[in-house]
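Structure, as structure tokens:
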Amino acid sequence: MFSWMGRQAGGRERSGGMDAVQTVTGGLRSLYQRKVLPLEEAYRFHEFHSPALEDADFENKPMILLVGQYSTGKTTFIRYLLEQDFPGMRIGPEPTTDSFIAVMYGETEGSTPGNALVVDPKKPFRKLSRFGNAFLNRFMCSQLPNQVLKSISIIDSPGILSGEKQRISRGYDFCQVLQWFAERVDRIILLFDAHKLDISDEFSEAIKAFRGQDDKIRVVLNKADQVDTQQLMRVYGALMWSLGKVINTPEVLRVYIGSFWAQPLQNTDNRRLFEAEAQDLFRDIQSLPQKAAVRKLNDLIKRARLAKVHAYIISYLKKEMPNMFGKENKKRELIYRLPEIYVQLQREYQISAGDFPEVKAMQEQLENYDFTKFHSLKPKLIEAVDNMLTNKISSLMGLISQEEMNMPTQMVQGGAFDGTTEGPFNQGYGEGAKEGADEEEWVVAKDKPVYDELFYTLSPINGKISGVNAKKEMVTSKLPNSVLGKIWKLADCDCDGMLDEEEFALAKHLIKIKLDGYELPNSLPPHLVPPSHRKSLPKAD
């Protein structure tokens, strides 16, 4: 998709992929500069909503924004992923991280202060200069040669405090900065502490700054090993209830539960759950490079739709203003009537209500502008954006889909991502149907004496029991017939419609695997084949 994605783990360029990569990147940039940017500039979009996009915004790596109250483990989470300290890292139970830190790849380890960072054209942070020195003094880029950072960048944010001091003492609009990052990152991770769950008013306001970016949000319930299973259920329920009041979306947010640091678990009752949740989160993060172009395309479409709506609003206000007298009174009236104007424009141009900016914020911003200096509606600019949305985007989608098919599914490597991919600590290694794969003895043999006793109560004839008799025993597991049917096919190795004592023991073993919560294999692994049947089966490839 992007030039930095052109190398796989072995360091060799993918053949035939780079042309499509550059086409997608250049296509997105070209569409924005030729179609969307003129519309934004004509109606002061950048003053009301978001600064203009630059080349670095299209070419940068996928970014992850971490947000949470103080001491929820944001910085520790980054260290857990990288398995390495980074410049500017401070960890402790008190509010430690007081700055926004962009953790990015660099050939040498070091840090760049905010004022120098916003003048670097290769970094996607130039537009942050509008937040002033109060913010730039609390912003830095931490660079280090870490393999994880070759594929993604991570933004660490200051811990959110409670009280009025949180809002006043920073010297910059914290929520506006979060909103700026939210528009540009690929994933927003909200971290909560399971041991002291709380969503303060300040945190609620920060979450509301992510309005319109709901598809990027993931939730991590961290430090879950500090509570037992019963407490964890209560904490999870309280978290979902609290989030439901803050995030106005009908969809349920994905919550990952675990303990994301490289220390022993304090409570091991839910170890298997934590491992599965960590792998799910890793897979989500590893998918970001593959989906980066789609995300940027999606953000460009959302931006274009908002730019159109903004143009309709501004041009309507311009049209309603008198030429001579009563301008201030008319301005106040139009601002007051803005909700009605929204409804009118929705009907006139067949626009969804969800495409309109928030009324209250728009009213506050309009107070500072002279409506007579706004431009009238320019149909050609609107038509150019409509043509882009209708025709140009579809051709890019084809290129993106082709590139995604050629990319590896797990591009993020190194750090914690390598710790569970191979060897005995891979998720599910030696568990379920994989148990006994490394052992010489047949894994079913240890329980076979118990299964043999059952087998001989089922009236075997010539050393085998019929399907009818086997069914009587198998249905006692209360598993669905569809599952038992699959187990029968796997266990009946010679396909004679009957089970000998080894096949019956195998069937009971597979039932146990399913009852323990593991998935059944689609075909019988070689180590599960009964010893007396191994010669008759074809060797696995």
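Placed from the backbone N, Cα and C atoms, the Cβ positions cover glycine too.
Pulled from Swiss-Prot, these are the features on record:
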REGION    1-20  region 'Disordered'
MOD_RES   MET1  N-acetylmethionine
DOMAIN    58-289  domain 'Dynamin-type G'
REGION    68-75  region 'G1 motif'
BINDING   GLY68, GLN69, TYR70, SER71, THR72, GLY73, LYS74, THR75, LYS223, TRP261  ATP binding site
REGION    156-159  region 'G3 motif'
REGION    222-225  region 'G4 motif'
DOMAIN    447-535  domain 'EH'
MOD_RES   TYR451  phosphotyrosine
BINDING   ASP492, ASP494, ASP496, MET498, GLU503  Ca(2+) binding site
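Note on LYS223 (ATP binding site): other Cβ atoms within 10 Å of its Cβ, all shown chains, come to 22.
Here the region 'G4 motif' (222-225) has long-range neighbours at 72-73, 77, 191-195, 232, 235, 257-260, 265-268, 270, 274, meaning same-chain residues at least 6 beyond its ends whose C-beta is under 8 angstroms from one of its own.
Most buried of the binding-site residues ASP492, ASP494, ASP496, GLU503, judged by other Cβ atoms within 10 Å, is GLU503. Ranking the recorded positions TYR451, ASP494, ASP496, MET498 by Cα distance from THR72 (ATP binding site) puts TYR451 first.
In this view, MET498 (Ca(2+) binding site) is surrounded by 19 other Cβ atoms within 10 Å of its Cβ, with every protein chain counted. Note on proximity: among TYR70, LYS74, LYS223, the binding-site residues of the record, the Cα nearest MET498 (Ca(2+) binding site) is that of LYS223. For the domain 'EH' (447-535), the number of residues in each DSSP class (helix H, G, I; strand E, B; coil) is 52 helix, 7 strand, 30 coil.
Residue counts for the region 'G1 motif' (68-75) under DSSP, helix first, then strand, then coil, are 2 helix, 2 strand, 4 coil. Sequence-distant neighbours of GLY68 (ATP binding site) (same chain, six or more apart, CB under 8 Å from its CB) are LYS74, SER157, GLY159, ILE160, LEU190, LEU191, PHE192, ASP193, PHE203, listed in sequence order. Within the same chain, residues at least six positions away from the residue listed as 'phosphotyrosine' with a Cβ under 8 Å of its Cβ are VAL444, GLU501, PHE504, ALA505, LYS508, HIS509.
Same-chain residues that are not part of ASP492, ASP494, ASP496, MET498, GLU503 yet have a Cβ within 8 Å of the Cβ center of the Ca(2+) site turn out to be LYS464, ALA491, CYS493, CYS495, GLY497, LEU499, ASP500.
Each residue contributes its Cα atom, and for ASP496 (Ca(2+) binding site) and LYS223 (ATP binding site) those atoms are 53 Å apart.
In this structure the C-alpha atoms belonging to ASP492 (Ca(2+) binding site) and TYR70 (ATP binding site) are separated by 58 Å.
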